[in-house]
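Asks: Sharing the feature lines straight out of Swiss-Prot:
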type	residues	note
BINDING	Asn80, Met109, Tyr139, His175, Ser195, Arg196, Gly197, Asp236, Ser237, Leu238, Arg239, Glu275, Tyr302	substrate binding site
BINDING	His279, His343	Zn(2+) binding site
BINDING	Cys423, Cys426, Cys431	[4Fe-4S] cluster binding site
Amino acid sequence: MRSSWIKPRLGKDNVTQMNFARNGYITEEMDFVAKKENLPPSLIMEEVARGRLIIPANINHLNLEPMSIGVASRCKVNANIGASPNASDINEEVEKLKLAVKYGADTVMDLSTGGVNLDEVRQAIIQESPVPIGTVPVYQALESVHGSIDRLTEDDFLHIIEKHCQQGVDYQTIHAGLLIEHLPKVKGRITGIVSRGGGILAQWMLHHFKQNPLYTRFDDICEIFKKYDCTFSLGDSLRPGCLHDASDDAQLAELKTLGELTRRAWEHNVQVMVEGPGHVPMDQIEFNVRKQMEECSEAPFYVLGPLVTDISPGYDHISSAIGAAMAGWYGTSMLCYVTPKEHLGLPNAEDVREGLIAYKIAAHAADIARHRAGARDRDDELSHARYNFDWNKQFELSLDPERAKQYHDETLPEEIFKKAEFCSMCGPKHCPMNSKISDESLDQLKDKLEECSTSA
């Protein structure tokens, strides 16, 4: 779809959506997004120019259907997939991608760390994906030197970052905000550093006694990104891994640096979103969102959860969806899903489904709470179908139609029950919606009550 859009841009020094927006040009991607979001193209351009909205759209991802992440647009959901040294293969990851897209993932991150050829699995995912693909390049940087921190150089990081851009990756998690002076602040935490990318860079800095190379070479990374229109997803290496560690000095020190880096990327007209926690008590979620907006000049916020309790292994998709809904309500732009396998193992296809639906609920609830135009239309339509016992319409409007139909049919499988004016919960005699009271009857009752009140 995008080949004809991209062709005139080839060879230009800066092909980012932000660069076009700041020069007053509405790209085809901006126009496409405006139609999807039911917003004026001029508003999309203004928000991209301001940095409050991003359109992750690498010029080499030609089959991409552009989408937007920002407070002006709907709250989005990301799904993580990826092979590990102990499980998965390329075909399985492509199937996870297709499942994630089927159940509504707005973006997908390939977090493969081994077990397969990382370049091949990434290329296969990009070729099959209509949604933006994100990656974490430090994983492959370490894998490229066979896990040897002492052999890992600054140029190794930049080489892998550019390779991901060349393949068509739309956004990359760059852990540039973790500085060597932040590391002592981790002392006193229960779970230390829980970011894999952050852990790699912490080891690198401790081993070499040097500043984070992604920070010192940040301008070089910007130069790479603007050639391909790859978007920064600034990683939060010091995100809290438990409630005890939430909103501590380490997390907030890194957040301040992420704000500095956001503005540096904008000087290059490169798009940015900022990643956030993690594990956060409910009473601290609003503070975390507001603090990010303040420090990072309202760049889109992208949070993992957050989980609101630490005692829910096997059900972390529920614990985190609670926090995600709150974060979305307060202004977070994208929610990274958590599956039931979080903290326990590599998710399978069913885990991807469970996590995605939980997060689609959270994002949708946030859009309703923020009074986005049309956000509740589908809910109202389903409610009308429910009141009229239109079972097939109810299934169709559900976030997971297959699951809704499956649960209904467990007790009433025959087709005749798709027209029944009851379900197995109340049965035919006790459903309150079965005894419908007409508007005419209610008007008559109102008149009589008013008569009684007047004559009393």
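The backbone N, Cα and C atoms fix where each Cβ goes, glycine too.
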Asks: For His343 (Zn(2+) binding site), list the number of other Cβ atoms lying within 10 Å of its Cβ atom.
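Replies: Result for His343 (Zn(2+) binding site): 13 other Cβ atoms within 10 Å.
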Asks: Restricting to the record's substrate-binding residues (Asn80, Met109, Tyr139, His175, Ser195, Arg196, Gly197, Asp236, Ser237, Leu238, Arg239, Glu275, Tyr302), give me the longest CA-CA distance in Å as a whole number.
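Replies: Taking every pair among Asn80, Met109, Tyr139, His175, Ser195, Arg196, Gly197, Asp236, Ser237, Leu238, Arg239, Glu275, Tyr302, the longest Cα gap is 20 Å.
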Asks: Of the binding-site residues His279, His343, Cys423, Cys431, which one sits closest to Asn80 (substrate binding site) when you measure Cα to Cα?
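Replies: Nearest in space to Asn80 (substrate binding site), counting only the binding-site residues, is His343.
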Asks: List only the single closest residue to Tyr302 (substrate binding site), chosen from the binding-site residues His279, His343, Cys423, Cys426, Cys431 by CA-CA distance.
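Replies: Closest candidate to Tyr302 (substrate binding site), judged by Cα separation, is His279.
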Asks: Taking the Cα atoms as reference points, how far is His279 (Zn(2+) binding site) from Cys423 ([4Fe-4S] cluster binding site) in Å?
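Replies: About 39 Å separate the Cα atoms of these two residues.
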Asks: Cβ distance under 8 Å to Gly197 (substrate binding site), same chain, sequence separation 6 or more: which residues?
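Replies: Expected: Val136, Val138, Tyr139, Thr173, His175, Gly235, Ser237.
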Asks: Going by Cα-Cα distance, which of the binding-site residues (Ser195, Arg239, His343) sits nearest to Cys423 ([4Fe-4S] cluster binding site)?
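Replies: Checked the binding-site residues Ser195, Arg239, His343; minimum Cα distance to Cys423 ([4Fe-4S] cluster binding site) goes to His343.
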Asks: Using Cα coordinates, what distance in whole Å links Ser195 (substrate binding site) and His343 (Zn(2+) binding site)?
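Replies: Answer for this pair: 12 Å between alpha carbons.
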Asks: Fill in the CA-CA distance, Cys431 ([4Fe-4S] cluster binding site) to Arg239 (substrate binding site), as an integer in Å.
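Replies: Their Cα atoms are separated by 48 Å.
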Asks: So how many other Cβ atoms are close to Ser237 (substrate binding site), meaning within 10 Å of its Cβ?
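Replies: 32, counting other Cβ atoms within 10 Å of Ser237 (substrate binding site).
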Asks: Using the structure shown, find which entry in Tyr139, Tyr302 (the binding-site residues) has the sparsest Cβ neighbourhood within 10 Å.
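Replies: Comparing Cβ neighbour counts within 10 Å for the binding-site residues Tyr139, Tyr302 gives Tyr139.
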Asks: Tally every other Cβ atom lying within 10 Å of the Cβ atom of Arg239 (substrate binding site).
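Replies: Within a 10 Å radius of the Cβ of Arg239 (substrate binding site) lie 26 other Cβ atoms.
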Asks: Determine, for the [4Fe-4S] cluster site, the additional residues of the same chain whose CB lies within 8 Å of the mean position of the CB atoms of Cys423, Cys426, Cys431; present them in sequence order.
Replies: Phe422, Ser424, Met425, Gly427, Pro428, His430, Met433, Asn434
